[in-house]
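Pulled from TrEMBL:
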{"type": "DOMAIN", "residues": "25-317", "note": "domain 'Plant heme peroxidase family profile'"}
{"type": "DISULFID", "residues": "C35-C115", "note": "disulfide bond"}
{"type": "SITE", "residues": "R62", "note": "site 'Transition state stabilizer'"}
{"type": "BINDING", "residues": "D67, V70, G72, D74, S76, E88", "note": "Ca(2+) 1 binding site"}
{"type": "DISULFID", "residues": "C68-C73", "note": "disulfide bond"}
{"type": "DISULFID", "residues": "C121-C313", "note": "disulfide bond"}
{"type": "BINDING", "residues": "P163", "note": "substrate binding site"}
{"type": "BINDING", "residues": "H193", "note": "heme b binding site"}
{"type": "DISULFID", "residues": "C200-C225", "note": "disulfide bond"}
{"type": "BINDING", "residues": "D238, T240, D245", "note": "Ca(2+) 2 binding site"}
Amino acid sequence: MASNSYFPIVAVIIVSLLVCLTNAQLSPNFYTRTCPNVQSIVRNATTQAVRREPRMGASILRMFFHDCFVNGCDASVLLDDTATFTGEKTARPNQNSLRGFEVIDTIKSRVEAACNATVSCADILALAARDGVVQLGGPSWAVPLGRRDARTASLSGANSQIPSPFSSLATLISSFAAQGLNARDMTALSGGHAIGLARCTTFRNRIYNETNIDASFATTRRTNCPASGKDANLAPLDRTPNRFDNNYYQNLVARRGLLHSDQELFNGGSQDALVRTYSNNYRAFASDFAAAMVKMGNISPLTGRNGEIRRNCRVVN
């Protein structure tokens with residue numbers, strides 16, 4: 001009888017070890033033996049895509065963000081709708097907005113040619129997001145690998161869990177906290193808006209109706225974003241949309257944030273001091289951004305025997 005009293009303790013220890021082992025399965029060296037050239041294959045293809053169209057670096061980074069915020073970094077965002085399956089591409093934050101899927105397709109085909117049925121689409125997306133940032137002059141980081149691909153997607157999750165460009169600071173902080181990311185992570189990751197473009201429909205209200213905005217900046221943006229119509233017209237998220245730098249934060253301090261959610265980071269709230277720090281110190285921003293990207297990439301990965309290694313990133317096997 002006495003020996004049986006140890007069983008619950010042993011069971012707890014075993015479960016704890018299994019959890020640790022599952023998390024430990026993500027490693028930058030995961031494919032060292034099974035696909036040693038995967039990182040160079042992804043880097044070369046991403047570099048080609050970004051050189052053809054610099055905006056693609058921002059597009060892939062955003063795709064990774066939208067993937068990780070819905071049930072973890074599992075490549076569910078890449079799945080197409082079918083007659084019997086509903087993916088996440090038609091969710092409000094994604095429809096007519098996410099782009100770059102064909103680049104991931106190209107990378108996947110090259111990786112499959114080198115290492116058949118070995119590297120997940122989730123890992124390819126994580127690597128491509130990093131490589132796009134680097135190609136535009138941003139920091140690099142070691143990407144933990146070993147994710148597997150989801151067999152499911154969540155349209156409702158994409159509609160509810162991805163922060164809106166109209167979000168308040170409190171909503172942004174709570175949305176990131178729900179993913180295990182703190183306010184500093186949120187402010188650093190928002191610096192992804194150092195690159196890329198935004199559609200008129202996402203910033204129209206800001207440039208016409210908000211008061212915490214530089215007047216000349218608002219006037220300039222109105223020239224390409226009328227009070228109605230032309231929803232798809234584009235504007236740069238900061239003044240150097242093809243270079244990953246800290247101008248984004250300098251713009252916020254100058255009340256030139258393009259999106260409402262951007263300017264919320266510097267509007268008399270808890271993140272003002274950090275925004276000032278990043279605006280004056282690129283290295284501080286770059287270091288925090290890289291660390292936050294690794295942290296975001298660790299959100300609820302499928303590992304071990306969970307999920308699958310998709311042959312085609314757009315459909316389950």
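Don't overthink the numbers, they just go from 1 along the chain as shown.
In case you wondered, yes, glycine gets a Cβ from its N, Cα and C as well.
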Other C-beta atoms that fall within 10 angstroms of the C-beta of D238 (Ca(2+) 2 binding site): 23
Candidate nearest T240 (Ca(2+) 2 binding site) in space, where candidates are the recorded positions C68, V70, C73 and distance is Cα-Cα: C68
Determine which residues of the same chain, besides D238, T240, D245, have their CB within 8 A of the center of the CB atoms at the recorded Ca(2+) 2 site, and list them by sequence. A194, I195, R239, P241, R243, F244, N246, N247, Y248
Neighbours of D67, V70, G72, D74, S76, E88 excl. site residues, C-beta within 8 Å of centre, Ca(2+) 1: H66, C68, F69, N71, C73, A75, V77, A150, A153, S154, G157, A158
When pLDDT is averaged across the domain 'Plant heme peroxidase family profile' (25-317), the result is 97
Have a look around T240 (Ca(2+) 2 binding site) and count the other CB atoms within 10 A of its CB, chains all included. 17
Please tell me which one of the recorded positions listed here (C35, C115, H193, C225, C313) sits closest to D67 (Ca(2+) 1 binding site), measuring Cα to Cα? C313
For C115 (disulfide bond), which residues in the same chain are close in space, meaning a Cβ under 8 Å from its Cβ, but six or more apart along the sequence? Y31, T34, C35, N37, V38
Students should find that the Cα atoms of D74 (Ca(2+) 1 binding site) and R62 (site 'Transition state stabilizer') sit apart, in Å rounded to an integer, by 15
I want to check the contact list for C121 (disulfide bond): same chain, sequence separation of six or more, C-beta distance under 8 angstroms. What comes out? A75, L78, I104, K108, D149, R310, C313
Run through the Cβ atoms and count how many others sit within 10 Å of the one on R62 (site 'Transition state stabilizer'). 23
List nothing but the one residue from C35, C68, C225 whose Cβ has the fewest other Cβ atoms within 10 Å; the candidates are the disulfide-bonded residues. C35
